[in-house]
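Asks: Shown below is the structure under consideration.
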Amino acid sequence: MTDPYSNFFTDWFKSNPFHHYPNSSTNPSPHPLPPVTPPSSFFFFPQSGDLRRPPPPPTPPPSPPLREALPLLSLSPANKQQDHHHNHDHLIQEPPSTSMDVDYDHHHQDDHHNLDDDDHDVTVALHIGLPSPSAQEMASLLMMSSSSSSSRTTHHHEDMNHKKDLDHEYSHGAVGGGEDDDEDSVGGDGGCRISRLNKGQYWIPTPSQILIGPTQFSCPVCFKTFNRYNNMQMHMWGHGSQYRKGPESLRGTQPTGMLRLPCYCCAPGCRNNIDHPRAKPLKDFRTLQTHYKRKHGIKPFMCRKCGKAFAVRGDWRTHEKNCGKLWYCICGSDFKHKRSLKDHIKAFGNGHGAYGIDGFDEEDEPASEVEQLDNDHESMQSK
């Protein structure tokens with residue numbers, strides 16, 4: 001007795017032209033697989049024209065499963081996502097030759113190539129060593145350096161031109177005629193000029209410039225000349241009250257830039273001469289004037305007590321005031337100058353002090369440079 005279900009499937013396979021499997025008389029496979037339930041969207045169309053759906057069999061048929069139908073279902077683009085879920089839940093794993101696996105391999109290879117390209121780009125972007133500036137940065141740096149060098153050159157030319165003008169003025173004996181001339185010599189940026197002139201520059205005035213002075217202020221009434229504007233203003237006050245302009249008239253003006261330059265002495269063999277092996281410049285022109293008068297000029301002032309001659313009026317007046325007066329210490333030493341006795345007491349301390357002198361601790365007027373040198377010499381002899 002034959003199985004009715006087997007005859008049914010045999011007739012159906014014969015009538016279906018799309019199926020090429022043999023009938024049920026073929027030998028079954030040694031490892032049968034579970035049946036594959038076709039999706040709901042799959043229909044069979046027999047040649048007879050009537051649409052029939054076979055009822056689900058209660059038991060698995062002995063015929064082999066439809067192994068070749070799986071690639072056909074997986075190649076369908078509309079059911080790709082649905083087939084993936086069905087294969088994961090109900091079917092066995094497909095071989096790696098399916099279209100989904102091929103697509104996955106292609107995507108994986110593309111991602112790998114993209115990663116390689118990214119790594120390559122990162123490697124190219126790395127710079128080993130010192131950073132090299134771009135063309136724009138180099139251009140900006142060159143412009144900044146050129147502008148700074150041009151500004152330094154401009155300042156240097158301005159300094160040299162200003163110095164040449166001042167040298168020309170003093171070499172030709174140009175003198176200021178009043179307040180306006182002196183203000184013009186200073187100018188609005190006189191402080192800037194002075195600060196620039198003091199850097200590594202000096203001045204060597206001639207003997208006539210030293211003795212006469214670089215500037216002369218003349219009184220408009222009696223035509224008496226003065227080296228300082230303040231002295232001329234105080235002199236003009238003696239001519240009448242109409243020349244008094246208040247306290248601000250005594251302020252005068254600031255000295256010119258050349259008067260603040262370090263100066264060398266023009267006398268040969270002098271320690272302050274520029275050709276001396278240990279030459280040292282004097283601080284400014286006023287200091288040079290006093291130095292030249294004391295060391296190399298004539299001495300028109302003479303003490304009326306001892307007959308000592310002096311070149312500077314201030315030195316002569318200070319000396320004549322204290323000439324012949326001795327200052328005694330309780331230790332028995334005597335000094336010609338009060339300053340020398342003070343230095344002696346300060347150096348030895350206890351056991352030394354002024355003897356028989358009233359008002360010794362009172363402040364006295366500062367001694368001149370000549371008297372200070374004499375005091376130092378006396379202090380060395382007493383020690």
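Note that the numbers count up from 1, one per residue, in the order the chain is shown.
A Cβ is built for glycine as well, from the same backbone N, Cα and C atoms used for every other residue.
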Asks: Any idea which of 24-27, 152-155, 176-179, 336-339 is down as motif 'Nuclear localization signal' in Swiss-Prot?
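Replies: Motif 'Nuclear localization signal', as annotated by Swiss-Prot, spans 336-339.
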Asks: Among 253-256, 293-296, 349-352, indicate the range for which Swiss-Prot gives the feature motif 'Nuclear localization signal'.
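Replies: Within the set 253-256, 293-296, 349-352, Swiss-Prot attaches motif 'Nuclear localization signal' to 293-296.
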Asks: What are the helix, strand and coil residue counts for the zinc finger (301-323) according to DSSP?
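Replies: The counts are 10 helix, 4 strand, 9 coil.
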